[in-house]
Every structure is written in C-alpha cells, then in structure tokens.
Amino acid sequence: MNKKVVIGMSGGVDSSVAAYLLKEQGYDVIGVTMKLTPDDAFYTEQEGGCCSLSAVEDARRVAYRIGIPFYVVNFTDIFKEKVIDYFTEEYLNGKTPNPCIACNKYIKFDALLKKAESLGADYIATGHYCRIVEENGRYVIRKSEDEKKDQTYVMYNMTQDQLKHTLMPCGDYKKDRIREIAREIGLNVFDKKDSEEICFIPDNDHGGFIKRECPKAVKTGNFVDKEGKVLGKHKGIIYYTIGQRKGLGIATGKRVFVTNIDAMKNQVVIGEEEEIFENELISFKNNFIPFDKLTEPMEVDAKIRYNAKASKATIYPVDDENVKVKFEKPQRAITKGQSVVFYDGDLLVGGGIIK
C-alpha cells in the first residue's frame, strides 16, 4: 500500500512541483492550503497574500492538473495566537521577531502534522528548500542543493518526530530546475514570482499593521543618546529596528543609527555606527537537531538573520535555558527577537532567539 502524504500548498511554484514530485515517487498525495488569516477585508483583498483567493485558486488548479485531491484547512485561531499576536507583542516590546519561524514551529510542523495524522497520513510535505536525511539513527537537516534559495534558517525548531514525518523534495533541486519542471508539466504557476514579504502583511508595512492591531499601544516617545540626552521625538518604537538609519526623521548633522530600543521607557537610543557592532550575544528557546543538548563549547558558523552571511563563532552552554555565542569578528546590528542559527558546514546544528 502506498504511503499517504499531506502537502501544504501555497499556490506557488515550489509546493506545486513538490506535490508533483511526490506523486511521481509513488505517494498518495493530498493537497491542502492552510487558511491562516481572519475573514477580514484587509487580508482577503491583499492580492497574492498567503490566504488570498488567487493563492487558493492557484493551488486548487495545480492539484486538479496533477490529479490529487485538494482541501482548505482552517488554522486561523492558532495562527492568530501563535504568530500574529506574538509578532505584535514582540514589536511592542522593542524586539524584531521572525514570524516564519513561529509559523513553522506551531503551524506547519505541528498543527498541520497533527491534522495529517488524524487523516491517516504517514507524512506531511512542504515546498521548502532543505534536505532531511537520516544519519546514524538520527534525522538531521542539511542545506539544499540551491544554496541561494536555502531555507534551513527557519527550520531549527524541528523535533526528531517532526523530521521523521516530513518530506521536502525541493531540497534536492535548484530553483531553476523546479521552474523548468513546472513548465514541462503545464503548470501555470511556473513563472509566479517568489513571495518575499511576511504573508500576513503583503504591503510590508509592519508599523501600519501593528498600529491597526493595537492602536492604543503605539505611543510617541523620545530619541535619546546613550547618556539619555533627549534628541527628538519618535513616532512609536514599532517603527524602528537595531541598525536602522533611514526614516528616523531627526536632524543631528551626522549619520546616526538606532543602537537600542528601550520599551520600558518608550525610548529609541541612537548613536554612531560603531555602536551597533558587537561580538557576542545570548540566545534562549534553543533547539538542537543532531543532538538533544549542547553540553560543551562548539565551533560553528552562525547567522544572526535570514539574509545574513554566516560568521565563525563558538557557542557555549550557559544553563538549561541559555547559550552564549561569541563571534570571531564583531557583527553588525545584532537584534533582539531575531533568531541566531548555527551550522557545521551544510549541517543545521540548531538555533535560538536573541535576548
């Protein structure tokens, strides 16, 4: 009997081709699109967003074309709680979160997996560019064949059980080849552009989104220097992030950057560029994939944000909750709330959230 797999389909080229590849490999494939955002005009009218009508229809058409059943599953409540509310609260606390990491942890590889298991499926699948491999009796994640498109950074929270029941067929291909396959089999999405914005904020206006969600929580405050001297007024801490230079709306006669955000005092600290370079950080909510726990110092390559270049570092266990990361060279704009992710060559070691 064929193994059954439920694949999350966004209407994009990657998940569409992933569904086709799995069917070709002999799996019984069921396509699902996850409804994540509320029934609200702001979300439903945003063309191209993850839950737009066009995305659902693209996924439905692909499923019909490749001959697999298709359903829409509703995860709006848990997505609101675990992703949208988390994103909003972190910004209001002066941090800069990565909602894709929260979505993967709680929605794609938890809620969707549980839903798939309830349908009697053996696996879930996605169109992510990662390779899941079993080595020495343990599941690990390695970078994809296409390093430019590699998405392992957002996968560091995965557990052994999740990895055991997850397939990511695109990880063995270059993106160009995925598009070629889509064209060869007659999928209209073969040239659909990649989505780069946060799925629930298609206009990319983070501040505007948070103000809409929590209008009373966004308050003006002071720009200050590191000594606390007031330099001007800011429009609300949600509009700023560490390392930001543009859009500050303050004239100081020199180039200045956001060096810290103090949510308790509702202050944005600004200073010289050299003040945004640091060579160590502490991470918490850490997860490791090749082993359960970090017990001794380890040399790694570490990334402090999705698009950052990995830099040489040593990670040290501090206690059950925290890991210290010491970089060989100072890093620009280490940002609270972002994730730091560790690699050993192409092996994803793990990661955590920057304190």
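Please read every residue number as a count from 1 along the shown chain.
Even glycines carry a Cβ here, placed using N, Cα and C.
Swiss-Prot names GLY8, MET9, SER10, GLY11, GLY12, VAL13, ASP14, SER15, GLY127 as ATP ligands; from the candidate set MET34, MET155, the record adds MET34 to that same site. Here the candidates are the recorded positions CYS103, HIS128, GLN338, and by Cα distance the one nearest SER10 (ATP binding site) turns out to be HIS128. Using a 10 angstroms CA-CA radius around ASP14 (ATP binding site), the recorded positions that qualify from CYS103, HIS128, GLN338 are HIS128.
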